[in-house]
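Undergrad: To start, I am sharing the structure in question, which I have written as structure tokens.
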């Protein structure tokens, strides 16, 4: 019966919103849909309409914008009035149904079922699987570590896991060059973000590394950082009509920020704004530039010190922690833990005291007997343990090798836990990490063209000569001869180009990376190689967008039809690694050792399978050859990493400059010998200062190896592949198998959502193969941690997709018309993300399968086997079933609520027990270690105590809700 003013919805056109009866006669009813500004006239006998009536406990929207919590429902001659209290002010009001908001949405599965918003059965299945996978991923110990687009390097994974799971980590990451500090920092950051402990992040880097960090964070971790500079910040500077400053703090506009510490040193207003903004995590790269001694500290150090006081989590990165002296090293440790590192003299004394322990550890590692000095050093550090029986086993020739191995490992583990800086400082060295190739240097000495010599003479006569002119004569010539005719341009006579083309023809089957100083040189070189020798060439420079660089990198990476050569400007290649190539040509020699190492580091990474061949073409009697000789014979910087390179560069810069001014001056050989001797001296000091105990703690050993293997086993996981493809199919993405383990995803016009996370308008190419993704940077590597999967799961579980469905069960053993109810409940704790309770109690789906008598058959009938027997029902038939069986379905829903309580309570109790066990064990370990290791911060223990108390309290309040349901009706065929 239709009454004017009643609210109805259309079964076939849910998108019209909530309709209102405006007229009726003996044969028809007229419904107006204000939200869609549409009107429909239906025949009374077959009107596809459903009456909308809310129930006690529902929250409904008024047309005026406020909400009402329904406490009672009155029926006034077929017209409904809702009684309850307003959400905004608590006022008790009556709301006639005519005043309901025209845009209605039903979120409860039972409401959707009875309002003709029934979904397909395969979407219900996808929703349940999404909930299952979400639960599994929240509890996975590999979460936030397997999604990185990088090789699985054990020591990196170990540091990331050890630090990333801490509450408010404050550490110094000091791995040597090429061992992946940026990756370690990114994985630590990823874990902190995933756990909810961190939301706002500030990364401070030298200006030259800004783009490298931006690219690394995006390409390796799918983290969209924003680069802040003066131009960006000035957009937030505002004044009102009276000239009063009403500027906003630009650093509050983004959550993930990268800024140059060099810029902030000069821009005091911006530095103040950084300090005024709230941050959860601070990352500082190249932290050895933070100089501090007993008498003075740099401006950069003071600025970072102020930030470190107010930001709870801090990561400092440096490849050379003691490069500028132990006092600066101590000062950086004091930034991290001022209570622990309060006195420099005490710190020095402690460092000396650990020397005998480090020597003892070396003996333990080499399975050598321990002398009295070593035993005394170990016994003093492990004073709470009786170590004598262990020493006897180690020193006795009669001891079984397995016993000695076990005791040695126990001692090493105990010493690591008590090591002076092992919780604050992590350092791996190339000696301690295997897998690096050799570097082979080839110096190509060429005659300087007369054109360059003349250009240099002209510049000298003009009195405006600069060192850059000697290092990059092609730029000088181009500047002086900008209108040079064809055949007389620099690329027409430079002998480096002739050598390069011959070299490339002789190495046709090998990839070659060429690094130039400037983008213009790279572009010109590429054009010459293409036009003269048809050499397939890609270009990489700072004026290209990230997408353009991706395409160039992909072209270079292709094996069959890819580019033989990638020509890059020195800035353009920052953050990009090309381990699949082994030939490096430095067309322009970098003008300082750090830049040289950065260039070689594009190929010299963990994962490089071949020896790296480094070619440097340079001119006789030039600055270039002086610098090349000094790099090679003085620093040995081409064939070995030179961590002391910048120190030596600063120490010998004046003498080096004198030879730049006169490359043929006498005494150069003595200068080379002096540099080499000093390098050997510094290298020996570094080697003697190696802390094997620290390296052991940083390396992770067998545990780290097992972690890498566990992640490798998850790569190409069939559950992930099947779920992802099913997700993309149901969402409505077009999928094209490209072969070679590649799938192209493209948006379509019939997608369930207009904007799928991670999918660009042009489409996205994906793979589940890590090695392929490492070679092809334009391809997305899909893992459980990838945004397309994580946000795809969120899209399904937090929306209405698959919330209710109706299916036919083809089973000859059941009477036709038998009704079953499959209800999916979710047990969860509504708590602050920072508690990271999802590791103990993630949103957990619990399945209840009731027969018509109310018996729960979930344990007897598996979801997958039932799914195979189900057939879809068209929408019209589904609506009829929902109407006809409404009373029975409601009864079964009430029964399911009784069944779920016992199951849910058991899950909550188990989660509380797990949380108590894990947090108590962690607390006990830290408390015990604090007695013997001063590096355990008191605030770290206090935070953990608070975390435990709050976690258990929140888990006590955990609850459950009906997430989705499926009505199943049996049929014979």
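Any Cβ shown, glycine's included, is placed from N, Cα and C.
I grabbed these lines from Swiss-Prot:
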BINDING   175, 176, 177, 178, 179, 180, 181, 182  ATP binding site
DOMAIN    162-339  domain 'Helicase ATP-binding'
DOMAIN    496-672  domain 'Helicase C-terminal'
MOTIF     285-288  motif 'DEAH box'
Undergrad: Going by DSSP, is residue 181 (ATP binding site) sitting in a helix, a strand, or coil?
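TA: In three-state terms, residue 181 (ATP binding site) counts as helix.
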Undergrad: Sequence gap of 6 or more, Cβ distance under 8 Å: name the residues on the same chain that satisfy this around residue 182 (ATP binding site), in order along the sequence.
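TA: The answer is 212, 213, 216, 285, 317.
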Undergrad: Given the model, what does the mean pLDDT over the motif 'DEAH box' (285-288) come out as?
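TA: Averaged over the motif 'DEAH box' (285-288), per-residue pLDDT gives 89.
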Undergrad: If H, G and I count as helix, E and B as strand, and all else as coil, what does DSSP give for residue 176 (ATP binding site)?
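TA: DSSP call for residue 176 (ATP binding site): coil, neither helix nor strand.
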Undergrad: Cβ-Cβ under 8 Å from residue 175 (ATP binding site), same chain, 6 or more residues apart: which ones?
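TA: 155, 181, 184, 319, 426, 427, 428, 429, 698 - these are the non-local Cβ neighbours of residue 175 (ATP binding site), listed in sequence order.
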Undergrad: What same-chain residues, at least 6 away in sequence, bring their CB to under 8 Å of the CB of residue 180 (ATP binding site)?
TA: 150, 153, 156, 606
Undergrad: With DSSP, how much of the motif 'DEAH box' (285-288) is helix, how much strand and how much coil, in residues?
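TA: Secondary-structure breakdown of the motif 'DEAH box' (285-288): 2 helix, 0 strand, 2 coil.
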Undergrad: Taking the Cβ of each of the binding-site residues and counting other Cβ atoms inside 10 Å, which one has the highest number: 177, 179?
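TA: Answer by Cβ density within 10 Å: 179.
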Undergrad: Excluding 175, 176, 177, 178, 179, 180, 181, 182, please set out which residues of the same chain place their CB within 8 Å of the center of the CB atoms of the ATP site, keeping sequence order.
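TA: After dropping the recorded site residues, what remains is 319, 428.
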Undergrad: What is the total of other Cβ atoms whose distance to the Cβ of residue 181 (ATP binding site) is within 10 Å?
TA: 26
